[in-house]
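First up is the structure itself, then whatever we jot down about it.
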Amino acid sequence: MSRLFLACLLAIFPVVSMKSPIFGPEEVTSVEGRSVSIKCYYPPTSVNRHTRKYWCRQGAQGRCTTLISSEGYVSDDYVGRANLTNFPESGTFVVDISHLTHKDSGRYKCGLGISSRGLNFDVSLEVSQDPAQASHAHVYTVDLGRTVTINCPFTRANSEKRKSLCKKTIQDCFQVVDSTGYVSNSYKDRAHISILGTNTLVFSVVINRVKLSDAGMYVCQAGDDAKADKINIDLQVLEPEPELVYGDLRSSVTFDCSLGPEVANVPKFLCQKKNGGACNVVINTLGKKAQDFQGRIVSVPKDNGVFSVHITSLRKEDAGRYVCGAQPEGEPQDGWPVQAWQLFVNEETAIPASPSVVKGVRGGSVTVSCPYNPKDANSAKYWCHWEEAQNGRCPRLVESRGLIKEQYEGRLALLTEPGNGTYTVILNQLTDQDTGFYWCVTDGDTRWISTVELKVVQGEPSLKVPKNVTAWLGEPLKLSCHFPCKFYSFEKYWCKWSNRGCSALPTQNDGPSQAFVSCDQNSQVVSLNLDTVTKEDEGWYWCGVKEGPRYGETAAVYVAVESRVKGSQGAKQVKAAPAGAAIQSRAGEIQNKALLDPSFFAKESVKDAAGGPGAPADPGRPTGYSGSSKALVSTLVPLALVLVAGVVAIGVVRARHRKNVDRISIRSYRTDISMSDFENSRDFEGRDNMGASPEAQETSLGGKDEFATTTEDTVESKEPKKAKRSSKEEADEAFTTFLLQAKNLASAATQNGPTEA
């Protein structure tokens with residue numbers, strides 16, 4: 001029973017279920033004896049291109065009788081004066097009707113398939129009588145906002161008499177303009193009389209910027225008495241016939257407004273008119289833009305005063321009538337030239353839906369998927385940033401052929417995957433300045449241009465990497481990227497960025513990450529290993545995640561490649577850690593080196609002078625910078641030795657108060673440490689610090705954690721048992737040995753110069 005009830009409803013309301021995608025002019029007007037051309041649009045699918053097209057007339061009971069169709073049928077009334085032409089490549093068909101009569105007035109439908117179905121559009125045709133035949137007057141027609149010149153002949157007898165033009169009303173004819181200089185207030189600065197000479201028996205009345213209210217009957221007169229020459233004038237003001245524009249949902253449309261060279265330097269506007277209300281400005285050349293079109297509209301001035309407006313990411317509410325015009329204030333006003341369009345937005349679109357807003361955190365990244373017409377797979381694709389300029393503009397940032405804006409180096413990439421109808425844009429290292437609107441554009445079908453809004457919000461990036469890494473020429477490099485547990489099932493990758501994209505590199509999974517303590521079992525470290533670093537390895541590297549063909553978050557690392565300074569000790573391997581862990585590891589490493597090796601400060605000074613870890617050195621650095629660094633190092637070395645001696649002296653004082661000493665060997669320097677100072681026996685063991693290099697050993701001394709990075713494997717051996725000596729004797733002997741080593745080092749630094757030190 002329910003199925004029968006549903007079938008009855010569908011039979012009664014066949015067009016309620018969906019909006020018809022067929023679109024045409026709502027009203028068509030003409031006069032007897034002339035012809036009309038009616039264009040109807042349909043979605044250019046394969047089925048629609050080959051489906052029957054028809055033009056039918058609606059009867060009193062709602063039935064639509066076919067008059068002409070694409071299958072060759074023509075009714076008797078249309079034989080010899082009508083035809084229907086299909087244009088499948090553009091998704092349109094045109095009905096031409098000639099020799100119109102008043103009987104042709106009525107309501108019609110243009111449609112596809114069977115006339116009883118809902119795939120059609122209602123059209124009203126009105127045919128009126130020729131006004132010239134009806135009024136026996138001289139008919140002048142003029143477009144709204146244009147100029148009309150009315151010629152008024154007269155006899156020689158009235159050549160010296162007053163010439164005038166008046167407009168008829170129901171009871172009178174009020175003066176518009178005359179040859180004495182009078183001009184009505186309604187026509188001020190718009191109307192004047194022109195007399196070419198005494199030998200010419202014609203005077204002209206010129207009316208500029210014609211308004212709709214100017215339409216009507218006029219009397220052109222020479223003389224004021226009974227012998228005056230009079231001519232009846234019928235002035236018809238034509239509103240612009242709206243041009244039909246058919247756009248798919250989420251697609252783009254362009255309005256080309258050509259108002260003529262006479263208004264080339266006058267400000268232009270485009271306004272939208274809905275439900276017979278006022279025409280609200282969408283954009284004008286003075287910088288005004290409607291909020292509803294923010295970020296998805298631009299205007300482009302062209303030659304000869306042409307004003308072109310492009311609107312992207314069409315919405316259902318964008319449908320309606322649009323009017324462009326020229327007016328000094330950039331606002332709609334009667335009496336200025338205009339051009340009109342009727343926009344229909346088809347909801348049955350082939351353009352896939354995509355997010356209109358994407359969000360990313362400061363320092364993080366966003367990924368934008370841009371659709372394009374699959375037929376344009378080989379066309380150039382690019383991404384531009386919409387700017388709030390006077391006319392709105394969208395300068396390109398990156399394209400499929402390479403990066404355009406240098407300030408986006410290492411941050412922006414456009415990735416294409418042929419065949420799937422989309423390309424991907426990735427932007428990382430986000431800042432607040434990246435907030436705004438962006439366009440996805442191709443050189444092919446401009447209807448596929450789309451807009452996305454980028455918002456930068458508070459938060460922390462999900463992927464953890466160091467920002468800058470220094471790699472040594474000829475040595476191995478390991479870059480580590482920490483992924484949180486939410487990306488456990490995602491594909492992870494490393495790639496090397498270039499201005500043409502990001503080339504994938506082989507990676508290895510290092511197991512759980514210590515950077516995310518809330519879900520260690522699911523967080524991961526994925527590393528990139530370079531066995532032997534070359535100068536070509538310098539540049540930007542990205543780590544990221546993918547879920548199938550879709551790209552996710554990314555993080556960027558800059559790798560600077562440098563040569564080691566002569567005399568420096570080489571680390572076995574450079575291992576990059578997350579930014580936070582790297583800072584802690586670096587602090588511990590410096591503290592331990594100061595205690596273990598007096599030459600540390602000299603080494604650090606040389607490293608800093610060479611550039612140190614981080615971004616590339618400034619190419620504009622002065623040439624005298626190297627000499628200044630050498631002098632600075634020469635000054636700092638003695639100061640550093642004094643500081644180190646002070647640290648050791650403090651250690652000696654503390655050592656005198658320690659008892660029950662066990663001996664631990666640290667390189668060549670031996671220190672007595674009380675077993676009671678250790679918190680537990682596990683502190684004797686070296687542990688890998690995940691934020692530092694593999695050789696970092698962690699030891700707890702007096703409640704402080706210090707990290708010492710060794711350059712060679714430390715071997716611990718038991719010493720033979722010797723006679724027990726006092727703590728004071730051991731400390732004095734160690735201090736004396738240290739002072740001798742410091743003195744020798746200072747002498748070597750003075751003789752060999754700061755570079756050797």
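Each Cβ is built from the backbone N, Cα and C atoms, and glycine gets one as well.
The signal peptide annotation in Swiss-Prot covers 1-18, and the record cites sequence analysis as its basis.
The topological domain 'Extracellular' annotation in Swiss-Prot covers 19-632 and is backed by sequence analysis.
As a summary of secondary structure, the domain 'Ig-like V-type 1' (19-126) carries 11 helix, 51 strand, 46 coil according to DSSP. Per Swiss-Prot, the feature domain 'Ig-like V-type 1' maps to 19-126; the stated evidence is similarity to another entry.
Cβ environment of CYS40 (disulfide bond): ILE22, PHE23, GLY24, LYS53, THR92, PHE93, VAL94, VAL95, CYS110, GLY111, PHE121 lie under 8 Å away, each six or more residues apart in the same chain. Look at Swiss-Prot and you will find CYS40-CYS110 (among others) tagged as disulfide bond, backed by sequence analysis.
The disulfide bond feature in Swiss-Prot is assigned to CYS56-CYS64 (among others). Within the same chain, residues at least six positions away from CYS64 (disulfide bond) with a Cβ under 8 Å of its Cβ are CYS56, ARG57, GLN58, LYS109, SER115, SER116, ASN120.
Within the same chain, residues at least 6 positions away in sequence whose Cβ sits under 8 Å from that of ASN83 (N-linked glycosylation site) are ILE68, VAL74, VAL95, ASP96. If you look up Swiss-Prot, you'll see ASN83 (among others) marked as N-linked glycosylation site.
Following the DSSP three-state reduction, the secondary structure of CYS152 (disulfide bond) is strand. In sequence order, LYS163, LEU165, VAL202, PHE203, SER204, VAL205, CYS220, GLN221, ALA222, ASP229, ILE231 make up the list of same-chain residues 6 or more apart from CYS152 (disulfide bond) whose Cβ falls under 8 Å from its Cβ. Among the features that Swiss-Prot reports, disulfide bond is placed at CYS152-CYS220 (among others), with the record citing sequence analysis.
Residues or ranges marked as domain 'Ig-like V-type 3' in Swiss-Prot: 250-341. Summarised by DSSP class, the composition of the domain 'Ig-like V-type 3' (250-341) is 12 helix, 39 strand, 41 coil.
All chains included, 24 other C-beta atoms sit within 10 angstroms of the C-beta of CYS257 (disulfide bond). The disulfide bond feature in Swiss-Prot is assigned to CYS257-CYS324 (among others).
Around the Cβ of CYS279 (disulfide bond), the same chain contributes CYS271, GLN272, LYS273, VAL323, PRO332, each under 8 angstroms and 6 or more positions distant in sequence. Under the heading disulfide bond, Swiss-Prot lists CYS271-CYS279 (among others).
What Swiss-Prot lists as disulfide bond is CYS370-CYS440 (among others), and the listing cites sequence analysis. In the three-state DSSP reading, CYS370 (disulfide bond) counts as strand.
CYS384 (disulfide bond) has a Cβ environment of 21 other Cβ atoms inside 10 Å. Positions annotated as disulfide bond by Swiss-Prot, on the basis of sequence analysis: CYS384-CYS394 (among others).
Around ASN420 (N-linked glycosylation site), the same-chain residues six or more apart in sequence whose CB sits under 8 Å from its CB are PRO549, listed in sequence order. DSSP gives ASN420 (N-linked glycosylation site) a coil state; it is part of no helix or strand. Taken from Swiss-Prot, the feature N-linked glycosylation site covers ASN420 (among others), and the record attributes it to sequence analysis.
According to Swiss-Prot, the domain 'Ig-like V-type 5' annotation covers 461-560.
Note on ASN468 (N-linked glycosylation site): other Cβ atoms within 10 Å of its Cβ, all shown chains, come to 16. According to DSSP, ASN468 (N-linked glycosylation site) sits within a strand segment. Residues or ranges marked as N-linked glycosylation site in Swiss-Prot: ASN468 (among others).
Among the features that Swiss-Prot reports, disulfide bond is placed at CYS481-CYS543 (among others). In the three-state DSSP assignment, the secondary structure recorded for CYS543 (disulfide bond) is strand. Here the Cβ of CYS543 (disulfide bond) has 26 other Cβ atoms within 10 Å, regardless of which shown protein chain they belong to.
Near CYS495 (disulfide bond), with the C-alpha within 10 Å of its C-alpha, lie none of the disulfide-bonded residues CYS324, CYS384, CYS481. Sequence-distant contacts of CYS324 (disulfide bond), defined as residues of its own chain at least six apart whose C-beta falls under 8 angstroms from its C-beta, comprise PHE255, CYS257, LEU259, LYS268, PHE269, LEU270, CYS271, PHE307, VAL309, VAL338, GLN339, ALA340.
Its Cβ taken as reference, CYS271 (disulfide bond) is surrounded by 21 other Cβ atoms within 10 Å in the chains shown. CYS394 (disulfide bond) falls outside any helix or strand according to DSSP and counts as coil. Secondary structure counts, DSSP: the domain 'Ig-like V-type 5' (461-560) has 9 helix, 55 strand, 36 coil. Note: the CA-CA distance between CYS384 (disulfide bond) and CYS440 (disulfide bond) rounds to 7 Å. Every protein chain considered, the tally of other Cβ atoms within 10 Å of the Cβ of CYS495 (disulfide bond) stands at 20.
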